[in-house]
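The next block holds one structure in the form of structure tokens; read it before the comments.
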Amino acid sequence: MQNLTNLSSRTYDQHFPKLSAEQLAENAKKKVIVGMSGGVDSSVSAFILQQQGYQVEGLFMKNWEEDDDTDYCTAAADLADAQAVADKLGMKLHKINFAAEYWDNVFEHFLAEYKAGRTPNPDILCNKEIKFKAFLEYAAEDLGADYIATGHYVRRRGDDENARLLRGLDSNKDQSYFLYTLSHKQVGQSLFPVGDIEKPIVRAIAEDLGLITAKKKDSTGICFIGERKFKDFLARFLPAQPGEIRTVDGKVIGRHDGLMYYTLGQRKGLGIGGIKGMDENPFYVAEKDLVNNVLIVAQGHDNSALLSSGLIARQLHWVDRQPIRENLRCTVKTRYRQTDIPCEIQPIDDETIRVIFDEPQIAVTPGQSAVFYQGEVCLGGGVIETQIK
């Protein structure tokens, strides 16, 4: 059912090179399964691949079984949008339920990390376990795919056997931070059609085509939480243990609702302020004392208690799968959309690294990922174990 429509896009023609007949013929031998989320990025990705001559089919993944509050998880609406786009593009849409895999390999880890006082990033684990493992294996083994494709804003360079992962061209939308666990082999089996263009161009192509997703709002947050309050959601699965809020000097200034609800560097939602004998500078979460169930806060954004000179990271993944065994100069992000931090990686062993920043950094958070770059290339990363003060 490849490209049975006569759809065209002037915006596409302006931003993508015209392929030779030989290249189109070569691509026509390859089958690509696009992960269709019901959003604009995957919709346009499918169209781009059709224009490049590939045999294109879509696959919609359901990764969460809705609870009784179906307003929060929009799987049914997203499926309807994905189907409408598939119909418009004249391509087949497969459906698969990965909810069991998601629960076992992503959600249970998410809960365990929060229970241990860390702040995990389930999007990274979802990409690792679902989109580039369960989906990739299903597409290759059951659907006969040569490649999968997603709407991620990243780029790949090099041949299939030695593919490198690069930042997306649109620096505001770059998602390489979430894909650092991929191996060069997985990158080589994947295509990222929108990684070489900017988001406004993606929307313009969708507008040209009259796609139902053209003006659809980007999804925010995690499907299983959606737009609901995070605290209410987490309380359904983990019992909260309220406790004291203390300053770094040990003064009790309030009560917290449970350490799992707070993250390092957090300012809002602490419920403290205007304390007698203290200045008006806001408080920030500096530390979580798990042993005593105490939330430790520091006053002022530039308070030294909030700063780290480096970090220790484990659970390492390098895109080329070669461990780093010598000190390496590069840059690092310790959270999404952060400006790159110049640093040095100092390997401790193949499973552990020490990272020293050129300048102290605020809110380095255990459980989050440290992702490393040299220029445009994403080297890989690891999970932050501890700060180095």
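Including glycine, each Cβ sits where the backbone N, Cα and C put it.
Database features (Swiss-Prot):
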BINDING   G35, M36, S37, G38, G39, V40, D41, S42, M61, G151  ATP binding site
ACT_SITE  C126  active site, nucleophile
DISULFID  C126-C223  disulfide bond
SITE      H152  site 'Interaction with tRNA'
ACT_SITE  C223  active site, cysteine persulfide intermediate
SITE      Q368  site 'Interaction with tRNA'
Other CB atoms within 10 A, centred on G35 (ATP binding site): 24
DSSP three-state assignment for H152 (site 'Interaction with tRNA'): coil
Largest CA-to-CA spread of ATP binders G35, M36, S37, G38, G39, V40, D41, S42, M61, G151, angstrom: 16
The residue listed as 'active site, nucleophile' in three-state DSSP notation: helix
Chain-internal residues near D41 (ATP binding site), provided their CB is under 8 angstroms and they sit 6+ positions away: G151, H152, Y153, V194, V202
Secondary-structure category, per DSSP, in which G39 (ATP binding site) falls: coil
Set of same-chain residues at least 6 away whose C-beta sits under 8 angstroms from S37 (ATP binding site): F60, M61, D78, A82, G151, S219
Long-range Cβ environment of G39 (ATP binding site), under 8 Å and at least 6 residues apart: D78, D81, G151, T213, K216, D218, S219
Separation of alpha carbons, G35 (ATP binding site) and C126 (active site, nucleophile) (Å): 13
In the chain carrying Q368 (site 'Interaction with tRNA'), residues 6 or more apart in sequence that have Cβ under 8 angstroms from it: T119, P120, N121, T334, R335, V383, I384
